[in-house]
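Here is what TrEMBL says about this protein:
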type: REPEAT; residues: 10-104; note: repeat 'Solcar'
type: REPEAT; residues: 114-205; note: repeat 'Solcar'
type: REPEAT; residues: 214-297; note: repeat 'Solcar'
Amino acid sequence: MADLSPRSEISFLQTFLCSAFAACFAEFCTIPLDTAKVRLQLQKKAVPGDGAGTPNYRGLLGTMATIAREEGLAALWNGIIPGLQRQCIYGGLRIGLYDPVKIFLVGSAFIGDFPIFHKILAALLTGALAIIVANPTDLVKVRLQAEGKLPAGVPKRYTGSLDAYSTIVRQEGLGALWTGLGPNVARNAIINAAELASYDQVKETILKIPGSTDNILTHLLAGLGAGFFAVSIGSPVDVVKSRMMGDSTYKNTFDCFVKTLKYEGFLAFYKGFLPNFSRLGSWNVVMFLVLEQAKNVFRV
């Protein structure tokens, strides 16, 4: 993957800063799509006799329009503060550690192109490690995004991200900040591996086409490929993660998986696929474009 190889001339700290900045920029640009995705994933299928009404959200654009109409345009950016906090930690670590871990796996004396297996394994490890550190920010982000329009007189659970952190710790205990850690580690390790490895392979394939160059169009296509591959593989664990973090009625990850499958069917694990891909596809394009340009600043 261009600019993510061990031959890069910039340091770990510079890579971390570039990655954190690129991830935060992409997060700000695409979080309305993520908010729509979370609402769609948390929306449960109506079961006859349970008192549930017609689903409030329908489709990507419909969900965004409903949120903007009922809660105001700014509601689409609910969770942006913990979202940026998450990307500073998670985005910086997962990419910043990717090259060092990859070199460790193959050995410092290795010469040539890295095998795809080692790329995937390195991304799995860095994705898992990074999200273990960043899980509290992810939890607060999902909790804030999950809050819809409330009836008159009913206060919101949290007034902001800092209040959310303190309220969760006070009411549920410090360990609650790592609620959903299991599916979150699985989801982010898998998606990180899919993003980094597929970006690598798609870009290499494009550059082998006669006349192709390492330009913005190449980065755009590789980023879209990385996003589609990541969502296709990671969507089931992403749905379980969102439900575990947004709904405390589930006992554990397995309970959430079984109940979702039993009451809503297998396709429920791909609920919100379009907004998820729209978000991750555009997120990857923006992130990789900004990342490569940011790294060039340090090379001057």
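Yeah, the Cβs are placed from backbone N, Cα and C, and that goes for glycine too.
Note that TrEMBL annotation is computational and uncurated.
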Helix, strand and coil totals (DSSP H, G, I; E, B; other) for the repeat 'Solcar' (114-205): 73 helix, 0 strand, 19 coil
Within the repeat 'Solcar' (214-297), residues counted as helix, strand or coil by DSSP: 73 helix, 0 strand, 11 coil
Average pLDDT across the repeat 'Solcar' (10-104), rounded to a whole number: 84
